[in-house]
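Undergrad: There's a structure below that I have some questions on.
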């Protein structure tokens, strides 16, 4: 689960991390009022969407008068903001953050994250703040410092000092940086985040350290422990089909291809998508029905896939372990009839009650194409949609 920047800063402030003063707004008048309340001579008008690259996309502007704040807020609020993370369709800006200006002397990057390659908790920092960290990792990997943290010991002073010195924090500001790093790590652990990122972390002209921007990703499986985090959820920022799928315990992610995929098990689902790509087509979605799929779940899965106008065919790939093939077959037949399926459907199933499942499909009277292997299934569905 993702949250907005202003919400991320609220979370950080609860742990003692210093951020600029800011006020979230939902209208132009609120934006002007917020600037008046904050005072000063310069304000930052920031679009709030669940995507990075907002500045490059025109979603972050400086206002040097209240009239300018009003103009900028009017331009940004309601715009379809396109960044490298939103895709070409962009995301609509429905809320703003009006923030006091900052005297930026230097920008850094710091994050606490789950390092999948090593299966460890890591603290990562760079002297190249304010940039896309993936870009830095690709072009100048030597400018990224990473330390691995023992969860039982936590981030030690020595590790935090190593990070601060490694990214060039001035000696006088190292104690503040160390304090910020340790608070960020504690926040990351206690909120069950998979990523807690400050980018940029700034050094001000007076030597103070502040979190100028922040981003969190939270482990959705741990949200039951954090109702205060769940309260931050903004459904407007999420895919409507993904929200609908979650109501039926379906793991669904929309993609850009034209072949719908319905699979049981995340690993098999990813292998299925890879196989589709291998045979020259693109998957339209990731969809894992899990090990306890019912006829209702399968029907809803079909409905969700077919909402996407780009879907020209569907591939069902089932391994019958916990899930019985005849159960899936019954669900597939019922779903195809209920939605009046009009696109090609290829079904490949192996495992428990496989023969019974194939019999149900064969006797359904529907034009369902059977396959025995993943390669055969992919070949057939790709041929059907071309």
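Even glycines carry a Cβ here, placed using N, Cα and C.
According to Swiss-Prot, the record shows the following:
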DOMAIN    9-244  domain 'ATP-grasp'
BINDING   46, 53, 54, 55, 99, 102, 107  ATP binding site
BINDING   199, 213  Mg(2+) binding site
BINDING   264, 321, 322, 323  substrate binding site
Undergrad: Just jot down the residues in the same chain as residue 102 (ATP binding site), at least 6 apart in sequence, with C-beta under 8 A of its C-beta; none if empty.
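TA: When sequence neighbours closer than 6 are ignored, residue 102 (ATP binding site) has 20, 44, 202, 204, 210, 212 within Cβ distance under 8 Å.
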Undergrad: Can you check which residue among the binding-site residues 322, 323 has the largest number of Cβ atoms within 10 Å of its own?
TA: 323
Undergrad: Near residue 107 (ATP binding site), which of the binding-site residues 213, 264, 321, 322, 323 can be found within 10 Å, Cα to Cα?
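TA: So the list reads none.
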Undergrad: Please compare the binding-site residues 99, 107, 213 by how many other CB atoms fall within 10 Å of each one's CB, and tell me which has the fewest.
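TA: Result for the binding-site residues 99, 107, 213: minimum number of other Cβ atoms within 10 Å at 107.
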Undergrad: List only the single closest residue to residue 199 (Mg(2+) binding site), chosen from the binding-site residues 53, 99, 264 by CA-CA distance.
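TA: Closest candidate to residue 199 (Mg(2+) binding site), judged by Cα separation, is 53.
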Undergrad: Of 53, 55, 321, the binding-site residues given in the record, which has the fewest other CB atoms within 10 A of its CB?
TA: 321
Undergrad: Neighbourhood of the substrate site (264, 321, 322, 323): other residues with Cβ within 8 Å of the Cβ centroid, in order?
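TA: Here the nearby residues are 265, 291, 318, 319, 320, 324, 351, 352.
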Undergrad: How many neighbouring Cβ atoms, not counting its own, are there within 10 Å of the Cβ of residue 199 (Mg(2+) binding site)?
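TA: I count 22 other Cβ atoms within 10 Å of it.
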Undergrad: Whole-number Å only: compute the distance from the Cα of residue 323 (substrate binding site) to the Cα of residue 55 (ATP binding site).
TA: 47
Undergrad: Determine the C-alpha span of the substrate site listed in the record, that is the greatest distance between any two of 264, 321, 322, 323, in Å to the nearest whole number.
TA: 10
